[in-house]
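Down below is the structure, laid out as structure tokens.
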Amino acid sequence: LIKELVNMVIQHAEEEEVKELKNPCECPRALHRVCGSDGNTYSNPCMLNCAKHEGNPDLVQVHKGPCDEHDHDFEDPCKCDNKFEPVCGDDQITYLNLCHLECATFTTSPGVEVAYEGECHAETTNAMEVLFQGNPCECPRALHRVCGSDGNTYSNPCMLTCAKHEGNPDLVQVHEGPCDEHDHDFEDTCQCDDTFQPVCGDDEITYRNLCHLECATFTTSPGVEVKHEGECHPETKVNQLILKSCMCPKIYKPVCGTDGRTYPNICVLKCHISSNPGLGLAHLGECKVAVLAKETGEVRNPCNCFRNFNPVCGTDGKTYGNLCMLGCAAETKVPGLKLLHNGRCLPKEQL
């Protein structure tokens, strides 16, 4: 009799297993609670597996038993920002930062570990092609609003990256938090027409029109100014393809070059150094007002500012778009103006 009961139990278990293989949501009513990585308690492992198949493919079991308040720490393993602090995984893929690598252990690359800090070596993989593995629009539902350079607010950095891949390749994050009325000033930095009214930049490159030159100050040629109207003279024109071999992220993490120009990030500076061996790093952060170039003794225009919105408050009680813009005002409009603090001025500070 005992043997028959054991056989019946085994047969029932096998039937349940077959059912689960046929339809993952045909689950027994047995109460055997487990905690999911989304912070929810499921009646049994089969119910968790059902939820996984019904729209939450990254769901995994955290532990047996119901979830408690601490288990919510496991929600959204892919809630990562887009700060460029690359790490190379032992799968020879460059990840945007450590968080993105840890996210991959839950999604595309289970068990991946850090091989070393920095981008993977060029001979192993093209770093910029693999910063976002899989579908860039498979985003967590986490609410961590960011403001895009198109003036739109995105639910989180992943949603902004999705929009970038879906038809807006020049889109970048301006700042964390929702956009406000001032952020629309930064829309469409490089939306230029093709009218041929050439100008020659002081980088000896001919630009199709003034708008294209101004666009270059945000992308390939930070700090470039108009040398004269019309095309550059052929004998002085330099190779315009120098920078095409440099694949740099469109992240604004400014550094100051020894030529007195502010570069959007260290990668762009290194790219310019490759064609200008005398150029070097002066310091991290934007160049100070009227930096004296070491090689030429030339004083750069203090109003060659990027339009990234990183507000600062001046001692005049006014909010400036970024530190460079405050420096420009100090040199041209408000002598003696200094930085009061980072961030917008408070109402009580406004004069």
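Even glycines carry a Cβ here, placed using N, Cα and C.
A disulfide bond in Swiss-Prot ties Cys25 to one cysteine from Cys35, Cys46, Cys50, and that cysteine is Cys50. According to Swiss-Prot, Cys67 forms a disulfide bond with Cys35, chosen from Cys27, Cys35, Cys99, Cys103. In the disulfide annotation of Swiss-Prot, Cys88 is paired with Cys120 out of the candidates Cys46, Cys99, Cys103, Cys120. Over the domain 'Kazal-like 1' (19-69) the predicted model carries a mean pLDDT of 79. Fewest Cβ neighbours within 10 Å among the disulfide-bonded residues Cys137, Cys215, Cys232, Cys256: this applies to Cys137.
Within 10 Å of Cys137 (disulfide bond), counting CA to CA, the disulfide-bonded residues Cys25, Cys46, Cys50, Cys103, Cys158 contribute Cys158.
A distance of 36 Å separates the Cα atom of Cys287 (disulfide bond) from that of Cys103 (disulfide bond). DSSP labels the residues of the domain 'Kazal-like 1' (19-69) in these numbers: 14 helix, 9 strand, 28 coil. For Cys27 (disulfide bond), the nearest of the disulfide-bonded residues by C-alpha distance turns out to be Cys50; the candidates were Cys50, Cys139, Cys158, Cys200, Cys324. Using Cα positions, the member of the disulfide-bonded residues Cys50, Cys99, Cys103, Cys328 nearest to Cys200 (disulfide bond) is identified as Cys328.
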